[in-house]
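Student: Per TrEMBL, the feature domain 'Response regulatory' maps to 6-122. Per TrEMBL, the feature 4-aspartylphosphate maps to Asp57. Annotated domain 'HTH luxR-type' per TrEMBL: 146-212, in sequence order.
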Amino acid sequence: MNQPIKILIADDHEAIIYFVSKYISQSIANVEVSDFKDGESVIKDIDKHHYDIYILDIQFRDMLGFELIKCIRKVYKNAKIIVFTMHNEMWFINELKHMAVNGIILKSSPIECLKDAIIEVYNGGKYYCGHYTELNNPYNLNNPDADLLLENFSKKDLEVLQFIAEGYTTKEIALKMGWSEETVKSYRKNRLLKGFNVKNPASLVARAALQKYIRKIKPKGND
């Protein structure tokens, strides 16, 4: 007898857990489904149990799903993770790309996508629902922030961006980075303003903050 496919589902909405668990159990043969309503419960459980597939929401009352993904991958490096979410923002798409999850399904997708995703990911593939694929297309004219998908901002890009957001002057940023002031000016113009497709620092900070490229802003001097 084949071993059952062990699936963990984590979502803080009970109705979603109920219907998703029921659908999976009825549509896929030989599965075992375990469900959890918060991230902390999942973290405690994965020390004891291993699952073939992890289906996760990205926002819980006690933690962000991004943190939960990191915790799971710390215990199981090759864990097969499918994100099941309502979020379709550009920062979210970029973050999931960096985390290399195995599947992404928006909750607005047909429920049948779950079955397709589980089978595909279980067999070693990747699965992205049609709506996510459309959003992830940098040439999608219906997505006003799609141009950011073409950019690959480096750690230094984001470090300088953070200093600008926190109100540091060109001279202060130069001292912090160990650069000349001209280098900072050039970097700001050619990497950041062009990369975010804006014309001035105020618009740069506004767009970067909206798309979550800026961390929580600390007052100057509180390094």
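Residue numbers in this text run from 1 along the chain shown.
The backbone N, Cα and C atoms fix where each Cβ goes, glycine too.
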Student: Let's see if you can do this one: DSSP helix, strand and coil counts over the domain 'Response regulatory' (6-122), in that order.
Tutor: 54 helix, 26 strand, 37 coil
Student: Take every residue in the domain 'Response regulatory' (6-122), average their pLDDT values, and give the whole-number result.
Tutor: 91
Student: Enumerate same-chain residues with a sequence separation of six or more from the residue listed as '4-aspartylphosphate' and a Cβ-Cβ distance below 8 A; give 'none' if the list is empty.
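Tutor: Once residues fewer than 6 apart are set aside, the residue listed as '4-aspartylphosphate' is near Ala10, Asp11, Asp12, His13, Ile16, Gly65, Val83, Phe84, Thr85.
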